[in-house]
Every structure is written in structure tokens, then in C-alpha cells.
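Here is what TrEMBL records for this protein:
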| type | residues | note |
| --- | --- | --- |
| BINDING | G52, V55, N59, S298, N330, L395, D398, S399 | Na(+) binding site |
| DISULFID | C157-C166 | disulfide bond |
| TRANSMEM | 46-64 | transmembrane segment |
| TRANSMEM | 76-97 | transmembrane segment |
| TRANSMEM | 118-145 | transmembrane segment |
| TRANSMEM | 213-233 | transmembrane segment |
| TRANSMEM | 242-268 | transmembrane segment |
| TRANSMEM | 288-312 | transmembrane segment |
| TRANSMEM | 324-348 | transmembrane segment |
| TRANSMEM | 383-404 | transmembrane segment |
| TRANSMEM | 424-450 | transmembrane segment |
| TRANSMEM | 456-477 | transmembrane segment |
| TRANSMEM | 497-519 | transmembrane segment |
| TRANSMEM | 539-559 | transmembrane segment |
Amino acid sequence: MKKLQGAHLRKPVTPDLLMTPSDQGDVDLDVDFAADRGNWTGKLDFLLSCIGYCVGLGNVWRFPYRAYTNGGGAFLVPYFLMLAICGIPLFFLELSLGQFSSLGPLAVWKISPLFKGAGAAMLLIVGLVAIYYNMIIAYVLFYLFASLTSDLPWEHCGNWWNTELCLEHRGSKDGNGALPLNLTCTVSPSEEYWSRYVLHIQGSQGIGSPGEIRWNLCLCLLLAWVIVFLCILKGVKSSGKVVYFTATFPYLILLMLLVRGVTLPGAWKGIQFYLTPQFHHLLSSKVWIEAALQIFYSLGVGFGGLLTFASYNTFHQNIYRDTFIVTLGNAITSILAGFAIFSVLGYMSQELGVPVDQVAKAGPGLAFVVYPQAMTMLPLSPFWSFLFFFMLLTLGLDSQFAFLETIVTAVTDEFPYYLRPKKVVFSGLICVAMYLMGLILTTDGGMYWLVLLDDYSASFGLMVVVITTCLAVTRVYGIQRFCRDIHMMLGFKPGLYFRACWLFLSPATLLALLVYSIVKYQPSEYGSYRFPPWAELLGILMGLLSCLMIPAGMLVAVLREEGSFWERLQQASRPAMDWGPSLEENRTGMYVATLAGSQSPKPLMVHMRKYGGITSFENTAIEVDREIAEEEESMMGKR
């Protein structure tokens with residue numbers, strides 16, 4: 001009997017005032033969202049949006065190259081370890097913040113107004129990334145339209161944009177196979193098509209003289225922004241439906257490219273080059289840093305997209321399960337993309353009679369030069385080229401949806417009464433403004449500006465933002481309170497693994513990344529072009545601006561309070577009185593009746609903010625738990 005009582009006491013019955021809807025049994029959750037703000041209209045909208053956001057262009061053109069240059073199959077060891085230490089915990093933290101508050105990256109800092117500058121820094125970073133990311137989508141559209149022909153335009157030399165150095169890189173055959181080509185001092189048709197026709201980079205003398213606008217690229221960029229605007233026209237209600245196609249169709253194309261690739265002669269040569277373990281690389285710190293960087297940027301932590309998507313969930317959405325589905329699915333997709341890419345590169349190296357490492361590249365060089373060249377060697381080359389670029393288009397659009405939705409949501413949550421009824425107009429104005437700012441990327445020297453934005457807009461500034469967010473939530477707001485909030489949503493508290501990562505492992509890893517990026521700093525370059533000092537300074541200032549927004553936000557928050565400096569600092573670091581779940585029925589425990597217009601004899605959040613913050617809340621919560629346990633024991637004694 002005592003054993004039964006003890007088991008029962010370990011799970012005390014909570015009074016109705018402190019119960020969450022999940023504790024009360026099956027209830028109708030159809031009204032579990034702020035109707036005027038919007039919400040996901042289907043059960044899979046959120047999950048597919050997160051998958052589409054995380055699985056992007058980097059999975060195709062960055063992970064495979066990083067893997068083979070950092071130990072091949074051995075790279076998977078630090079990759080999955082960094083996923084466990086850094087990726088999964090930070091992913092879950094950002095989703096939890098968004099879902100608990102139903103607020104965007106700016107308004108969510110009601111949790112601790114002192115750090116609202118981190119939200120502003122997020123918006124600056126995501127705004128800069130959105131400008132150049134859509135230019136990459138414009139390049140993809142350009143190649144997509146160019147593939148609608150019987151002969152790919154980058155297949156042969158002899159066009160007006162080709163030079164005397166152009167050589168069709170096709171190995172000649174002898175009795176034993178391909179004769180190796182001497183590629184020294186020659187340029188492939190695909191490379192000249194990319195640099196001299198698409199970019200027309202010969203019309204620019206450098207980043208300081210961008211040259212004329214390329215009107216074909218200008219129109220492709222316009223089309224890219226029109227597509228993005230139409231897809232986010234009604235917020236998550238429209239983009240949530242689009243991702244049913246854009247998040248799933250790339251997997252079908254990737255599977256087709258994988259099957260086609262592994263059936264090509266020489267495919268195993270490329271796959272072996274991609275995955276052969278070189279365990280001695282694990283002794284190098286660079287490999288571990290590269291793995292952490294790949295995880296960090298691939299999952300999109302710190303850009304605000306995850307937080308924004310989660311803010312449209314119902315309060316009890318199982319984001320714990322979704323975290324593992326998305327993060328592990330992202331990792332598996334990267335590995336599969338490597339098979340699809342390197343199987344084709346193996347075939348290409350056999351056809352040319354050169355080693356795989358001479359044809360393997362990363363980034364735009366892979367997407368717009370090497371892989372298009374490989375497509376020309378296949379039967380039905382326009383068909384495979386169209387599929388490849390259509391896959392890149394759908395991969396890129398999902399991420400761009402998230403970037404724009406993050407900006408729109410953050411600003412409308414700050415000014416809901418003015419902007420929320422006019423969200424469509426506001427979204428359109430954002431798209432127009434970013435299109436105009438991106439026009440410099442369509443000039444002859446636009447690629448130089450794109451490289452500068454790519455190198456600095458989301459580099460060390462993004463790491464500082466994520467470190468600040470992690471420390472603000474776990475150290476200032478309090479790890480116990482944050483875990484209690486998650487328990488209110490999901491019915492359980494995060495275990496030791498998540499707590500250890502949030503408190504120590506994740507911030508330490510990010511700090512190591514930040515120090516490494518500063519110590520190993522290298523000036524930007526594009527091919528043989530070296531950026532001038534003023535451009536480097538501009539890039540560094542771009543990264544520093546996002547960092548400086550954090551102390552600037554702290555200064556504003558402190559000045560808004562009253563009292564001595566220490567009192568102002570304490571008040572600014574405490575949660576706002578209306579912090580908590582957005583709907584009254586979800587505000588239990590310390591959050592009961594703290595919304596405007598609510599009635600309560602003991603609004604615990606007001607008490608906490610007024611009389612001592614964290615300690616006061618913890619003492620109050622402990623007293624509530626003790627009273628519940630005593631009442632439970634008394635009831636059992638009577639029975």
C-alpha cells in the first residue's frame with residue numbers, strides 16, 4: 001500500500017487552476033491559437049516547412065565537398081557528434097521559444113527585454129541573406145529556362161562569349177578507355193557560359209566598378225521575388241500549402257538523379273572518393289570546426305525562421321518529436337545528396353580521364369559549372385539539366401519563404417494593430433524594397449557583391465546572436481523556468497542531455513567556432529580576384545553591425561526603466577508582465593491572468609517582476625508544489 005501511495009505521490013494531481021489542457025485529457029485544440037495572427041492550417045504544414053527551410057542549397061553544393069575534403073566517411077563522426085551537441089539542442093530551444101510565446105523574433109524578447117537587440121540583429125542578418133539568396137534563385141531560374149532546348153548552350157565552344165581558351169572537355173577513347181586530357185590553360189564551355197555569358201563578369205573591373213545591369217538577370221530576379229511574394233501572400237496559410245510540393249518534390253528529383261548517377265560507368269569511383277574514411281583527419285581541429293559549421297548553417301539556427309514557424313503552432317504541438325525528425329532528416333538528405341553528386345562526378349572524371357579531385361568543386365562552382373558540364377555528357381542532357389535546376393529552385397524557395405516570413409512576422413508582431421490587417425501590403429513592400437536593393441547583384445560585377453554578402457552577412461555576427469540567445473534563456477531567464485515552460489507545453493521537462501547542452505556544451509562549441517573564425521580569418525576572394533581593403537572593411541562592418549545591435553538594445557532597455565543603474569538592469573532583465581502563452585486558456589501556474597483585461601487575485605508574473613524576479617518565482621513555484629503534495633498525501637490518508 002505504501003509503495004502504491006509513493007508511486008502516486010510522484011505524480012501529484014494538479015488543481016484546475018494550474019492544469020494544462022494536456023493534463024485535463026483530450027480536449028478540442030482547434031481554437032488553440034490566436035485567430036487574428038494566423039496559424040498552420042494542416043497537421044504537416046509546420047513539419048514540412050521546417051524540412052524545406054533546413055534542407056536547402058547547402059545540402060547539395062556544400063556538404064559533399066566538405067565531407068570529402070575533411071576525411072570522407074570519417075567526417076560523419078564529428079558531423080553527427082556536433083549534431084548531438086550543438087544542432088539538436090539549439091534547434092529545440094528555438095522552436096520552444098517560438099511555440100510557447102506565439103511571437104516573432106522581436107516580440108519574443110518579452111522573455112527578457114534587455115536582450116531585444118538580439119532580435120533586431122536576427123532581422124538584419126536575415127534581411128541581408130534574403131537579398132543575395134534570391135539572386136542565387138534568379139541564377140537557377142536563368143539556367144532552368146536555358147535548359148528548355150534541344151542542345152544545352154554550354155555544351156560547345158564557338159559561341160560569341162567563348163574565348164580561344166575554350167576547350168570541350170571530352171576525353172578521347174583508345175582501346176583501354178579514356179585518354180587523359182591536359183586541362184592546363186584551358187576553360188570548359190560551361191565555365192565560360194557561367195562567367196562570360198550569365199555573369200558577364202568581363203564587363204566589370206572589380207567590386208568598385210560593377211558595370212551595367214544585366215537585364216536578363218534583372219528579369220529573373222524580378223520573377224524570383226514575384227514567386228516568393230505570391231507564396232507568402234497569406235502568410236503561413238499560403239506558404240504552408242506550397243511546401244507540400246516544394247519540400248517533397250526535391251526528394252523525388254534527388255532520387256532520380258541518384259539512380260541515374262549510380263548506374264553510370266565510373267560512378268563507384270566518385271562514391272569511393274566521397275566516402276573512403278581517412279581517420280587521421282579526425283586528429284585535426286579543422287575537421288571538427290568544419291563539421292560544427294556545417295551543422296550550424298545547415299539547420300538555420302539563429303536566423304529566426306525556426307522561431308517564426310513554431311510561433312504559428314498550436315500550444316501543445318509535439319516539437320520534441322519534430323526536432324528529431326527534421327534534424328536527422330536534414331543530415332540523411334545531405335549524405336544522399338553526396339551520393340547523387342559524386343556518382344556523376346565519378347562518371348565525369350572517367351570520361352575526361354582525370355582524377356575526381358580535379359572536377360570536384362563546392363558552392364556555385366558545382367551548381368553552375370561542374371554539374372551542368374556533367375549533364376552535357378549524358379543522353380537526354382536537357383531533361384536531366386532541367387530536373388537538376390528545378391530541384392535547386394524548390395530547395396531555395398523553401399528557405400526564402402522562411403526568411404521573408406521571419407521579417408514580416410517580426411515587424412507585424414511589434415505593431416499588430418497597424419500592420420497585421422495590412423500584412424499583404426506590407427509583405428509586398430518588403431519584397432519590392434529587397435528587389436531594388438538586390439539590383440546591384442544583377443550587374444556585371446554583381447557576383448563580387450554577392451560573395452561579399454555571403455562571406456560577412458551571416459558569419460561571426462550570427463554566432464554572437466545565437467550565443468547571446470542561449471545564455472539569455474538559460475542564465476538570465478533561468479534554465480529551471482525555461483524547462484517548466486516546456487513542461488507546460490509538452491507535458492514533460494527536458495532531460496539532462498538538453499540541460500547540459502544548453503548550459504555548457506552548445507555555448508562552448510559556438511564560442512570555439514567564433515574564436516576559430518576570427519583567428520583563421522581570410523580576406524574574401526572570387527577566383528583570382530582579391531577584394532580591395534575598403535570592401536573588406538565594409539564586410540567586417542556588416543558583421544559588426546549585427547553584433548552592436550545587442551548592446552544598443554540593452555542601452556535602450558535600461559533607459560526605459562526607473563531607479564539606479566543596478567535596479568534598471570534588474571528590471572530590464574526580468575520578463576515582461578504579459579510574457580507567456582498568447583491565449584488565456586494556456587496561461588496556467590505563474591502565468592494565470594497576466595494578460596490585459598484578465599482578473600486574478602494573485603497574478604504570479606506581476607508578483608515576480610515586482611518583488612524579486614527569478615528567486616521569487618522559484619520560491620512561489622516550490623510552495624505551490626509543496627501544497628499540492630501535502631494535499632495529495634492528506635487525501636490518500638483519508639482513503
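Every residue, even glycine, has its Cβ placed from backbone N, Cα and C.
Fewest Cβ neighbours within 10 Å among the recorded positions V55, C157: this applies to C157.
The two recorded residues, S298 (Na(+) binding site) and C166 (disulfide bond), have Cα atoms 36 Å apart. Taking residue pairs at least 6 apart in sequence, the transmembrane segment (383-404) and the transmembrane segment (46-64) share three or more C-beta contacts under 8 angstroms. Taking the mean position of the Cβ atoms of G52, V55, N59, S298, N330, L395, D398, S399 as the Na(+) site, the remaining same-chain residues with a Cβ inside 8 Å of that point are I51, Y53, C54, G56, L57, G58, T333.
Below 8 angstroms of C-beta separation, residues 90, 93-94, 97, 111-112, 114-115, 118, 121-122, 125, 128-129, 132, 296-297, 301-303, 502-503, 506-507, 510-511, 513-514, 517-518, 524, 539-540, 542-547, 550, 573, 575, 614 of the same chain, each at least six residues beyond the ends of the transmembrane segment (456-477), sit close to that stretch.
Using a Cβ-Cβ cut-off under 8 Å and counting only residues 6 or more beyond its ends in the same chain, the transmembrane segment (497-519) has close neighbours at 82, 85-86, 88-90, 92-93, 285, 289, 292-293, 296, 459-460, 463-464, 466-467, 470-471, 473-475, 479, 482-483.
For N330 (Na(+) binding site), the count of additional Cβ atoms within 10 Å of its Cβ stands at 25 [all protein chains shown]. Comparing the recorded positions C166, S399 on other C-beta atoms within 10 angstroms of each C-beta gives the minimum for C166. Against the transmembrane segment (539-559), stretch 118-145 shows more Cβ pairs under 8 Å than any other of 76-97, 118-145, 213-233, 242-268, 288-312.
The transmembrane segment (213-233) is in contact with the transmembrane segment (424-450), judged by 3+ CB-CB distances under 8 Å for residue pairs 6 or more apart in sequence.
By the Cβ criterion (under 8 Å, sequence separation of 6 or more), the transmembrane segment (118-145) is in contact with the transmembrane segment (288-312), since 3+ such pairs are found. For the binding-site residues G52, N59, S298, D398, the largest tally of other C-beta atoms within 10 A is found at G52. Counting every protein chain shown, the number of other Cβ atoms lying within 10 Å of the Cβ of L395 (Na(+) binding site) is 27.
Counting residues 6+ beyond its ends, the transmembrane segment (288-312) has Cβ neighbours under 8 Å at 33, 37-40, 46, 49-50, 53-54, 56, 58-59, 62-63, 66, 70, 75, 78-79, 81-83, 86-87, 90-91, 94-99, 101-105, 108, 119, 122-123, 125-126, 129, 236, 282, 319, 326-327, 330, 334, 399, 402-403, 405-406, 409-410, 458, 462-463, 465-466, 469, 509-510, 512-513, 516 in the same chain. Note: the Cα of G52 (Na(+) binding site) and the Cα of C157 (disulfide bond) are spaced 38 Å from each other.
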